[in-house]
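Participant: Right, I'll just put the structure down here and ask away after.
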Amino acid sequence: MMNLPWLTIIVLFPILAGLLIPFIPDEKGKTIRWYALGVGILDFLLITYIFGYHYNFKDPSLQLVEDYSWVPLLRFHWCLGVDGLSMPLVLLTGFVTTLAILGAWPVKRNAKLFYFLMLAMYSGQIGVFVSQDLLLFFFMWELELIPVYLLLLVWGGKKRLYAATKFILYTAIGSIFILLAGLTMAFYGDIVTFDMRALKLKEYPLNLEILLYIGFLIAYAVKLPAFPLHTWLPDTHGEAHYSTCMLLAGILLKMGGYALIRINMDMLPNAHLIFAPFLIIIGVINIIYAALTSFAQRNMKRKIAYSSVSHMGFVLIGIGSLTNLGLSGAVLQMISHGLIGASLFFLAGTTYDRTRTLILEDMGGVAKKMPKTFAMFTTCSLASLALPGMSGFVAELMVFLGFATSASYSFEFKAIITFLEGIGIILTPIYLLSMLRQAFYGSESFTLLNKRKLIDAGPREIFVITCLVLPILGIGIYPKMATQIYNSKTETVVQHLQQVQSTFEKTSTLSL
């Protein structure tokens, strides 16, 4: 069993199983959705088996490495591997995608295409996290974009064409920078290779490393998203089906944070030391700007989308903190937001299914008719505003303390950034609790009075939210259950950065 290509299996199984969907006789989509759910569950079980029996979280090096020559002329290898940075996100992908498939249960129009695209996204997202060949990484990055575009275009709202076009333009332009920077890294020096392990060992001139860093940063800032490249996200979330939103918030945004750590931070350390303060400033802008913009949103999903932009600011600050505590907090924030974001978008979608509106002014008094939905929405909103005892609180606290204790920045800079972080933390509960008040409190609006009778959440909705809330509470109460998976890897990354920083300072002293 040890010799099986486990990573290849979990990457290819969803999309290969999805290719069988057209041959399944099913006009109403009922069989297809059970089939897709079964594929999702089976792949997630395989992931948990690999994690439980073949992954050693104490080992920071790559594990379960598979390396097959795919296109020899291009030096293109099917090279996969997992470590502490990728394993938690692979688990998150399997978990959230399976729940998103269950969340998409009401979808009946073009069900075969819909569930095939969901499974294709599943493969692409896992592929991004386990790829150890830069060209394969780019291929998986692109594979994941096409299903999102089609899911938006076919099952989106009234402005779906605009949202889908904006999404594909932003992400495609970002992808060009990945390709250009990746090719430059591969062809620099005497050895031509796309193997990330070999690319990490190459020594680049500082000016070239800075250019490479900027190229990758643009691409990953689009995906994260970071200000000012974030504007595609509210439009996409506002128009996408809520199961697609679960995948976008739960997994797709994490690809940007993961790639920043894997490539920019670990493979281009000299440039990262230069750009780290810039990342922190952008992170603070993310937190405050998105929180303030969220106040002006009338659409529930757009308001939640801006909260996602705000929360991703903490990831940038953690990555820029240059401390293990800060980086560990950034990874935990990605995991935490993946769960919380998916839950909020699912609840927004189920609320829309009943009220047929996402405009907060058209809601009101919904809590009386839908107390279970209200209770779940309140719980997930409290998780999003980082209530103590929930995962978001631990993640933000780790980032906060990690940056505050960093020896790489002056006291004045840390004081200003910490103060601004505090403002963002204060703004978050204001706009989230305001959203709850508008949608659920007060008397029932005239708009809803003229609609059909509201039906509260059923067993399916309660099951999905319970599955998402349990790990949110579990991590909040006992963070070690998550941090132990990746802590050895983040320590190694930060130690490598500190060695590079020490060498750089010695070189600067000698030159003076």
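Every residue gets a Cβ built from N, Cα and C, even glycine.
From Swiss-Prot, here are the annotated features:
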TRANSMEM  4-24  transmembrane segment
TRANSMEM  34-54  transmembrane segment
TRANSMEM  134-154  transmembrane segment
TRANSMEM  167-187  transmembrane segment
TRANSMEM  210-230  transmembrane segment
TRANSMEM  241-261  transmembrane segment
TRANSMEM  273-293  transmembrane segment
TRANSMEM  312-332  transmembrane segment
TRANSMEM  333-353  transmembrane segment
TRANSMEM  373-395  transmembrane segment
TRANSMEM  416-436  transmembrane segment
TRANSMEM  462-482  transmembrane segment
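For each feature listed, report its degree of burial, its nearest neighbours and the pertinent distances within the displayed model.
Facilitator: Same-chain neighbours of the transmembrane segment (210-230): 170-171, 173-175, 177-178, 180-181, 184-185, 204, 252-253, 255-257, 259-260, 263-264, 268, 271-272, 274-275, 282-283, 285-286, 289-290, 309, 312-313, 315-316, counting only residues six or more beyond its ends whose CB sits under 8 Å from a CB of the stretch.
Long-range Cβ contacts of the transmembrane segment (241-261) within its own chain (Cβ-Cβ under 8 Å, at least 6 residues beyond either end) map to 85-86, 89, 92-93, 96-97, 99-101, 103-104, 107, 118, 121, 125, 128-129, 137, 141, 144, 148, 151-152, 155-156, 216-217, 219-226, 233, 301, 304-305, 308, 312, 315, 319, 327, 330-331, 334, 337-339, 341-342, 344-346, 348-350, 352, 493.
Counting residues 6+ beyond its ends, the transmembrane segment (333-353) has Cβ neighbours under 8 Å at 88-89, 92, 96, 99-100, 103, 106, 237, 241-243, 245-251, 253-254, 257-258, 300-301, 304, 307-308, 311-312, 314-315, 318, 366, 370, 373, 376-377, 380-381, 383-384, 391-392, 394-396, 399, 439, 457, 461, 464-465, 468-469, 471-472, 475, 482 in the same chain.
Counting residues 6+ beyond its ends, the transmembrane segment (416-436) has Cβ neighbours under 8 Å at 280-281, 284, 287-288, 291-292, 294-295, 300, 303-304, 307, 310, 313, 317, 360, 377-378, 381, 384-386, 396, 400, 403-404 in the same chain.
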Participant: Counting only residues 6 or more past its boundaries, what in the same chain has a CB within less than 8 Å of a CB in the transmembrane segment (134-154)?
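Facilitator: Here the qualifying positions are 70, 74, 76-79, 110, 113-114, 117-118, 120-121, 123-125, 127-128, 160-161, 163-164, 167-168, 171-172, 175, 178-179, 182, 185-186, 194-196, 199, 236, 239-241, 244, 247-248, 252, 255, 259.
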Participant: At a C-beta cut-off of under 8 Å, are there same-chain residues at least 6 beyond the transmembrane segment (462-482) that contact it? List them, or none.
Facilitator: 88, 95, 99, 102-103, 332, 335-336, 339-340, 342-343, 346-347, 372, 376, 379-380, 383, 388-394
Participant: Could you give the residue numbers and ranges of same-chain residues that sit at least 6 residues beyond the transmembrane segment (273-293) on either side and whose C-beta is under 8 angstroms from one of its C-beta atoms?
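Facilitator: Beyond its ends, the transmembrane segment (273-293) has Cβ neighbours at 210, 213, 217, 221, 226-227, 230, 264, 306-310, 312-317, 319-322, 403, 408-409, 413, 417, 420-421, 423-424, 427-428, 431, 497, 500-501, 504.
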